[in-house]
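Participant: Please find one structure pasted underneath; my questions will follow.
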Amino acid sequence: MASDELPVAAAATEEEDLVEILDEGSGRLDIARYVDHVRDLAAGAIATFEGTTRDSFEGRRVVELRYEAYGAMARRRLAAILREARAAHSLRRLAVAHRLGTVPAGEASVFVAASAVHRADAMEACRYVIDEVKASVPIWKKEVYDDGEVWKENREFLDRTTTDGTTASSPAPATRPAKGGGCCGSKVRANES
């Protein structure tokens, strides 16, 4: 190597990817820290996704979201999603973080960052990670309104399993599932009165 050339930095390994689940009371997501984590001299792009609590849904005022999780399983699934993203895209570094507990309107509940030599890989990986987080990580969301509350389904992913038992490669259209449908199908019974 000539004396004026810089060495090419090695890409981070999956062991160096950042996976965080912040327990209730841990405060806001540290967005700058996650972006700094994926920053890499060989990266030409950093793509991010920040999921925030909106202040209204279908005409109702949203006060906050409340998240619960099966922590150990959620952490394992998040790490697996990052491995899947690495296998599908040429990436330098990855980070994903999700808050648990109460997230007021206007604050971030989930953040994804990906760096790559080229923007397409970073952007596609970022989209893949957030889609899979919403589809397959055991984190549940309750939407709290000024006049009530409701546990939310992620409708766009409810019908990802096809009739032959395989998983569809893309999200299902955003439609309301048939009664008794959804991720758990007939395993969940709703008492209607």
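Quick reminder: no glycine exception, Cβ is built from N, Cα and C everywhere.
Pulled from Swiss-Prot, these are the listed features:
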- His118, Arg119, Lys134, Lys141, Lys142, Glu143: substrate binding site (BINDING)
- 163-178: compositional bias 'Low complexity' (COMPBIAS)
- 159-193: region 'Disordered' (REGION)
Participant: Have a look around Arg119 (substrate binding site) and count the other CB atoms within 10 A of its CB, chains all included.
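Facilitator: Its Cβ has 13 other Cβ atoms within 10 Å.
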Participant: Which state, by DSSP, holds Lys142 (substrate binding site): helix, strand or coil?
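Facilitator: Once the DSSP labels are grouped into three classes, Lys142 (substrate binding site) ends up as strand.
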Participant: Taking the Cβ of Lys134 (substrate binding site) as centre, how many other Cβ atoms lie within 10 Å?
Facilitator: 16
Participant: Between Lys141, Lys142, which of the binding-site residues has its C-beta surrounded by the fewest other C-beta atoms within 10 Å?
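Facilitator: Looking at the binding-site residues Lys141, Lys142, the Cβ with the fewest others within 10 Å is that of Lys142.
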